């Protein structure tokens, strides 16, 4: 959750306040409180107004709405604890304001004026402060100039106090070193897969007693899952599209609107490296021309990778200006430049040409017609929805729906993993899993605009499949399990010889090495858990890894401590230092605010809080 207490500078505090003023209370329907003096509580003499609570709560609700795709109801807001979190944030802020008041901490008129005049929302078309714009913005929010400026003055003072409480906090060096050292440690690992050959041939032929014992021990593997017998009717756009005719004029206008999709200009695969000055660009081009460096080499010298300078396949218009004309005038791959671009002098590398492509109207209209027909069919289904719902609500059976509408019938046996046909839709699977024998069919909507209704005809309980019917499957499973166990035994034996000084090659295995393996590393041809296992194994020790029926033996040749001078680790340490320092600072401010609350005392108006929350619809 965003929190005012995470702001470190007064400018951030000011802009949060200004944003709340300018944005207002859009999004939700919120009834304003006519009495500006109403509050939800206070810390000492520092009140939290209903306006502040309304605005802060609305900000958090809007943030959640963006994440989940729709505004949450107040019951959902309470379930998520958003209301409590917002209140905690505001009471912490009020505690800081109260402490600033007690310390007589304030800022002068000049600073308040500076902040207001520099705020873009209060500036006119000429970019200068406009008093009428300022007054109008405040008027829309029911605020006076003096009231806003008093609040702004208090917020600036509070931010100064907050900065003093959190400023200068540094993360403990031993903790940073330990964390970076942990992440930067690498290991030299050798490993090999235990092959099936030479082992699978030695597996015994199991008798029925052995297989039956295995069958009973692994009965879940040989159990038919519960199935729900479902009858359904549905109507899809595909069912209606053949009855729809699309006007030729509409096809042509759609083609013209999407002309850029059907007419692709010539493109070129390019790389581009921008230089600070033309002189540096010319010197770089001289190296390329002399064959002593490539554009990628020059990029690496500046800490960039080939990916960083890759433009992909672009058109002349995308390159733009004279640079685009020059690059596209070159007919053979190679370097081009240096050329002036919007970002400065640049060298381009022309790698390959992608010819222009044109799909004519006659070639495209079949696909366009099918797409438009599906869209129209989807709308037609939407128009039918009310009528279909009314029929079902009036007691129509699925069989009636097939006779009286365009819906088509089907049956399906639904298990937890069924994904065939209509069961490919999440909405159908969810409905099929919830329906009971007492439920009447209801209309549901699928992801592609289709509609359906279903009925539970019966439930077949999960039951073991008779041994005789799955004997071959049981034997195959038994042999796979026996093979893994045998390979694990061999891997363990090989591991003992490795510790004694032998090599994987001497054990008759194909050795693969993973030098400087990192904690999150992956080695082609190795198990996914190679790194995880290696970093829980001491130097000189071995381990056995089993994954998807494959068995590997590995040995850790060396454990290498992190190179704390490595550029990436240095940057990682700086990043962690900043984040941990900020986190500690935030905690200090929170502790300070709670201490201030305890000293000044808290007043909480539950009735007013409920009144504010009731305004959100």
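Each Cβ is built from the backbone N, Cα and C atoms, and glycine gets one as well.
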Stretch carrying transmembrane segment according to TrEMBL (options 12-30, 31-49): 12-30
Structural state census, the domain 'PpiC' (246-365) (DSSP three-state): 56 helix, 37 strand, 27 coil
Per-residue pLDDT averaged over the domain 'PpiC' (246-365), given as an integer: 87
